[in-house]
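Trainee: First the structure, which I've put down as structure tokens, then a few questions once you've had a look.
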Amino acid sequence: MRIEHARMHAKHRGHEAMHAEMVLILIATLVVAQLLLVQWKQRHPRSYNMVTLFQMWVVPLYFTVKLHWWRFLVIWILFSAVTAFVTFRATRKPLVQTTPRLVYKWFLLIYKISYATGIVGYMAVMFTLFGLNLLFKIKPEDAMDFGISLLFYGLYYGVLERDFAEMCADYMASTIGFYSESGMPTKHLSDSVCAVCGQQIFVDVSEEGIIENTYRLSCNHVFHEFCIRGWCIVGKKQTCPYCKEKVDLKRMFSNPWERPHVMYGQLLDWLRYLVAWQPVIIGLVQGINYILGLE
């Protein structure tokens, strides 16, 4: 190990100026890429979201095949197959009445599994750092690998399902007609109809439902509680599906046990940049260094 370390230093001795130039190229590329991505997202959000989703879906697959991570590949194929079926159902016209709930149930299930997996992975990593793994006679490297693997699975599929869910939510709501991404809705919303799924509301807001309750937003529009929670948590929407008034998530999730789900969703949104665009930017930096003859 020491011999290899000495060889590396000998190889790069006298390259301080070159290394400084490489660092400047890295910083400049990160800044320019960030500015371009922000502008792209603001001016053309639809194409930005589609390209980002495609990259998040494909980029890890490349590393999986290259590094022979077959367990991840099997889970990826299963997730992709079911998600492709659900997405296909969500984009059909006319929309089958049972499709919205099928979509939200699937993505809510993945959301909960990814959330639990991420929490367990994080706890395993922290236990290893504090040496608690020794109580169970588990080697530190095995415990750390287990924790990091679970953390990666939870965060990756959490990011991926939220973007697929958002795309499906847009398609379904636009097809139903009470919602459009820009402009006015094409249908008038009755007080007894849920704008998310387009189905009748049978339970009054003041009543306690046997199967499901009804929820009223601050704009006075009412929805099935399952639908509006799916719209906000899973579909990443923070506006009313009908009038687009901003939804007060703190008021909706008054239970303190539910608030971490909102923060977890915000964390996943931030990680999207790292999963989708960071490998592309690093590859671009390496390409620039190669062209300039830097190493």
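Heads up, the Cβ atoms here are built off N, Cα and C, so glycines get one too.
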Trainee: If you look at how TrEMBL annotates this chain, which of 143-160, 215-232 comes out as transmembrane segment?
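Mentor: From TrEMBL, the annotated transmembrane segment range turns out to be 143-160.
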Trainee: Determine which residues of the chain contact the transmembrane segment (21-40) at the Cβ level, with the cut-off under 8 Å and only residues 6 or more beyond its ends counted.
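Mentor: Apart from its flanks, the transmembrane segment (21-40) reaches 47-48, 273, 277, 281, 284-285, 288-289, 292, 294.
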Trainee: So which residues does the transmembrane segment (72-90) touch in its own chain, when a touch means Cβ under 8 Å and the partner is 6 or more beyond its ends?
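Mentor: Contacts with the transmembrane segment (72-90): 57, 60-61, 64-65, 96, 99-100, 102-103, 106-107, 110, 153, 157, 160-161, 164, 167-168, 171-172.
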